[in-house]
Amino acid sequence: MDLKEFIKICHLLYDRKYVVGSGGNVSLKKDNLVYITPTGSILGFLNEEDICVVDIAGKIIKGKPTSELNMHLEIYRNKPHVNAVVHTHSMYCTAFSVLDKKLELYTPEAEIFLKKIGYVDYCPCGTLELAECVSSCNEDVLILKKHGIVTLGSTLTEAYIKTEVLEEIAKLNHIVMSFDK
């Protein structure tokens, strides 16, 4: 499988500061296989050979996958239209998740790409509880309380664009709120 786009998306997430350090993870489903970032990896420094491979049942074929593997697998098992998952801890979205504030979709772009944002109550990172809460949501754009965001798409590019638009709309919400004082 050609993983050039996968690596490009990981590098973009890091370069644009949607992830820092070893935070965040990315996966792509192709047939019965899931290509996923390794645990503890820095997305900006990943190469194709670093990507882990797991089957949809959870059997590890290659590497040591992210601690959020269960979340990715549960999403794929419960949402057949999803082939890509991006999970980040972007600054503005995470700040709003900590404050438990809902975002307004102020722009046409946000309405088109995001449609509706789902909000997930706090669940500990890497747990089956988090995996079940996230995978049971109807929305493809999710804000996880005190944690970050998850965006879903039929392609990695689609999931990435949702991440980018969501962080921009969070920045816009912050600006609007500061003017409103």
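Glycine too: its Cβ is placed from the backbone N, Cα and C atoms.
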Cross-ref Swiss-Prot: Zn(2+) site GLU68, HIS87, HIS89; candidate in list HIS147, HIS174 matching that site is HIS147
With an 8 Å cut-off on Cβ-Cβ distance and a minimum sequence separation of at least 6, pull the same-chain contacts of SER67 (substrate binding site), or say none. THR39, CYS125, GLY126
On a simple 10 Å Cβ count over all chains shown, which one of the binding-site residues ASN25, THR39, THR66 is most densely packed? ASN25
So what sits near HIS89 (Zn(2+) binding site) in its own chain, CB-to-CB under 8 Å and at least six residues off in sequence? TYR18, VAL19, VAL20, GLY23, GLY24, HIS147, GLY148, ILE149
Lowest 10 Å Cβ neighbour count of the binding-site residues GLY24, GLY40, HIS87, HIS147 is held by GLY40
For GLY24 (substrate binding site), just give me the three-state DSSP call. coil
Hey, for the substrate site built from GLY24, ASN25, THR39, GLY40, THR66, SER67, who else sits with CB inside 8 A of the CB center? SER22, THR37, PRO38, SER41, PRO65, GLU68
